[in-house]
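S.K.: Just passing along the structure, written as structure tokens.
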Amino acid sequence: MLSQNQAEEAIVTNMNETEQEGGSSLEEIAEDQSMFNFKSFLWHGGSVWDAWFSCASNQVAQVLLTLPYSFSQLGMVSGIVFQIFYGLIGSWTAYLISVLYVEYRARKEKENVNFKNHVIQWFEVLDGLLGRYWKALGLAFNCTFLLFGSVIQLIACASNIYYINDKLDKRTWTYIFGACCATTVFIPSFHNYRIWSFLGLGMTTYTAWYMAIAAIVNGQIENVVHSGPTKLVLYFTGATNILYTFGGHAVTVEIMHAMWKPQKFKYIYFLATLYVFTLTIPSAVAVYWAFGDELLNHSNAFSLLPKNGFRDAAVILMLIHQFITFGFACTPLYFVWEKVIGMHDTKSICLRALVRLPVVIPIWFLAIIFPFFGPINSAVGALLVTFTVYIIPALAHMLTYRTASARKNAVEKPPSFLPSWTAVYVLNAFIVVWVLVVGFGFGGWASMTNFIRQIDTFGLFAKCYQCKPPTPPQAPSPHARH
């Protein structure tokens, strides 16, 4: 077996390799040192902290605005319990993905496979460990989930900006932000999201605490009612939105690949989740306390919070963060497309950006067809997130280490808090059964029922989903007619 140090070796990204290839004189190096250090500080991130910021920033984006809506469907107690429950099992399956990545990496390096100019992805890990059928399964679910994850960010951009400027309808804003988000084609990999991840987490932190404080200061609305849960359809729809919230680890492999020492990732997602709890729980609790059942008809919390400079700042910061999260969701799709057309090892940023553009077009189109901010989260959570980041990783881990020899030679042994392979298998089996029955089964039924109801109510290509009807022009007074 390879040593741990060998398993931890990082793959240098295309940008680093391009910069370091070729000879330079000592004088030239000295001249460029300060500029290089500044550029590296902003552009090249492969540390544990970079991974933590990426995980935390990516995990909580526009869902922050829909969690109060989920609380109105679930009720206060169930909302809090489901957040903690899905946060913990999401952290566990992210840990499983990291273990399988390290196992795959170690086996391939033992075979002297060179990953220069190649970003390892989840479907390749499944292919190397379990074969081509698992590769196809992973590729189908991962790409479809990330596609709709990008769609959701685009819908959220249009939904949010409307609360600052309602002179344009949400569909027009979707056109505009689709063009803006397309600029993410210029970001080569997760290695280059250092400054964006840091800023993104700061933006969501501000927004979460603004929501909590604004709701408390505003107080409860008159005759507020907290009747949830009232219907099974709403209950499981809300639960599935929370499952979606803590299912942001579909990009775990790409984040690990950007690290200098990927094996240190093991508990990063869990630590990121703990921080995310400090944002999602207080904000959702406070907004639901203030507005109660009114949230059932307002999936975006911004629509109920008082309009002022603080809210406008939160909207703008969330817009920027959704641009970042769009890049997080879309970058793995860019990699897949590059590999399909044979351009993945291209070093030119401009050429790579050009060949990536076709990926954005279907995302743009789908965001215009299904502009249902809120309900679409639950539908994606039930049908895609359940398999992509919960069921498939748990099953893959069980099958990879099903033999005694595989367990004996495993690069990563069971964690100290769960030292028995039997306990690991029991936990994995529980996750598979729970998510399959509750998440995919009940959640799928509830989410699709709610989603179809939105289509029946608003129609496909809805011009302005959940917008207030325009105020009819006032008739002129009798005196004005003379």
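From the backbone N, Cα and C atoms, a Cβ is placed for every residue, glycine too.
Bear in mind that the values here come from a model prediction, so they are computed numbers and not experimental data.
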S.K.: Do Ser57 and Thr400 come out on the same side of the membrane in Swiss-Prot's annotation?
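M.R.: According to Swiss-Prot, which assigns topological domains, Ser57 and Thr400 fall on the same side of the membrane.
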S.K.: Going by Swiss-Prot, point out which residue in Asn142, Asn297 is annotated as N-linked glycosylation site.
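M.R.: Looking at Swiss-Prot, the N-linked glycosylation site feature maps to Asn297.
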S.K.: Restricting to CB pairs under 8 Å, which listed stretch, 80-100, 136-156, 233-253, 315-335, is in contact most with the transmembrane segment (357-377)?
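M.R.: It is 136-156 that shares the most Cβ pairs under 8 Å with the transmembrane segment (357-377).
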S.K.: Tally of helix, strand and coil residues over the topological domain 'Cytoplasmic' (400-422) according to DSSP?
M.R.: 8 helix, 0 strand, 15 coil
S.K.: For Asn297 (N-linked glycosylation site), just count the other CB atoms lying within 10 A of its CB, please.
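M.R.: So the number of other Cβ atoms within 10 Å of Asn297 (N-linked glycosylation site) is 11.
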S.K.: Checking distant contacts: for the transmembrane segment (379-399), what same-chain residues at least six beyond its ends satisfy Cβ-Cβ under 8 A?
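M.R.: Distal contacts: 89-90, 93-94, 96-97, 99-100, 126, 129-130, 134, 137-138, 141-142, 144-145, 148-149, 152, 240-241, 243-244, 247-250, 424-425, 428-429, 431-432, 435-436, 439-440, 443-444, 446-448, 450-451.
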S.K.: Report yes or no: does the transmembrane segment (136-156) come within contact of the transmembrane segment (80-100), defined as 3 or more CB pairs under 8 Å with a sequence separation of 6 or more?
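M.R.: Taking Cβ pairs at least 6 residues apart, the transmembrane segment (80-100) and the transmembrane segment (136-156) are not in contact, as fewer than 3 fall under 8 Å.
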S.K.: Using Cβ atoms and a strict cutoff of less than 8 Å, what residues sit near the transmembrane segment (60-77) while being 6 or more residues removed from its termini?
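M.R.: Same-chain contacts beyond the ends: 83, 152-153, 156, 160, 200, 204, 207-208, 211, 226, 228-229, 234-235, 237-239, 241-242, 244-245, 248, 276, 279-280, 283-285, 287-289, 291-296, 298-302, 318, 321-322, 325, 373-374, 377.
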S.K.: Is the transmembrane segment (173-193) close to the transmembrane segment (267-287), in the sense of at least 3 CB pairs under 8 angstroms with a sequence gap of 6 or more?
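M.R.: Touching, no - the transmembrane segment (267-287) and the transmembrane segment (173-193) miss the threshold of 3 or more Cβ pairs under 8 Å.
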